[in-house]
């Protein structure tokens, strides 16, 4: 790259700081990396220029020589060096390059071995409750099938009396290092060991119960305590009742999803209960004592005289128990006044007398369409 301005290649002004040089290189190296621009010769050449410029400007002696004489004058007059030492000096650049190469660069973050402790998977179970069960609480038994550690081998996967052996290919690390030659030099990457599958151990004599897996499917009956006050959409967590962990890892959790069947009479909103009650016109007018159903049983309630249809009365503390404490909600009673559709002679006569006593009968005779057109 004779007669080219290294600062210009990296998009910098002469005299740029080490930090500015490093940041510029990171940005351009990712943009023009060959694995990100396969088949693009122009990008490949640009990447070579970027690396050559960085090798000069990142080295204090070469940079000083270049700034003074316009040439780095280092052995070979160019080249790209050996990158087998990894990208440790570039912070997280090695992690970014991992996505290009599909493996870990030496000096970068290491992969987790498959024989490391792993938390078990969480599970979900939906349970249906009656209105009463949700309101008062209940204990239910459910049947689930989950993955558990094999009792025969203790979860090792090896036949009883034996144990897994360290993989002779990866030395128990679960990964192997592979050197790749690129236009930039040699890159060392890590990949999962193909002999042990990344576990770091090999089972020569597998357990006859789990066939080397270390875990088996088991059916279990679990008792679930449903607290009073739950409603549709609530979820109850059962810690540690999910699938067992692997390699000594903790078990997952079991989440119980609640669905409540609607009641024929009561309607629930939050922790309050709503109910409609029907009374006759005379009772609404004169007032009456009546029996109102609640979740605790029937209670006596006095409907005051002159109650209009649609009036709502509150029965304090007759609602649902709050799950996390704080007392109970209320029950609201909506009064619906029924108008009779069929009257016998006695009822009709009584209503006429009521109308006359109310001063409505005479007014009614003089009203209507005939009077309107007179």
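Going from the start of the chain as shown, residues are counted 1 onward.
Glycine residues also receive a Cβ, built from the backbone N, Cα and C atoms like all the rest.
Pulled from Swiss-Prot:
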| type | residues | note |
| --- | --- | --- |
| BINDING | 150, 153, 207, 210 | Zn(2+) 1 binding site |
| DOMAIN | 5-70 | domain 'J' |
| REPEAT | 150-157 | repeat 'CXXCXGXG motif' |
| REPEAT | 167-174 | repeat 'CXXCXGXG motif' |
| REPEAT | 193-200 | repeat 'CXXCXGXG motif' |
| REPEAT | 207-214 | repeat 'CXXCXGXG motif' |
| ZN_FING | 137-219 | zinc finger |
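Taking the features listed in Swiss-Prot, we show where each one sits on the structure.
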residue: 150; record: Zn(2+) 1 binding site; Cβ within 10 Å: 22
residue: 153; record: Zn(2+) 1 binding site; Cβ within 10 Å: 26
residue: 207; record: Zn(2+) 1 binding site; Cβ within 10 Å: 22
residue: 210; record: Zn(2+) 1 binding site; Cβ within 10 Å: 21
For the repeat 'CXXCXGXG motif' (150-157): best-contacting stretch of 167-174, 193-200, 207-214, by Cβ pairs under 8 Å: 207-214
Residue 153 (Zn(2+) 1 binding site) - helix vs strand vs coil (DSSP): coil
Shell of the Zn(2+) 1 site beyond 150, 153, 207, 210, same chain only (C-beta within 8 angstroms of their C-beta centre): 151, 152, 154, 155, 156, 157, 158, 206, 208, 209, 211, 212, 213, 214, 215, 216
Mean of the pLDDT scores, which run from 0 to 100, over the domain 'J' (5-70): 85
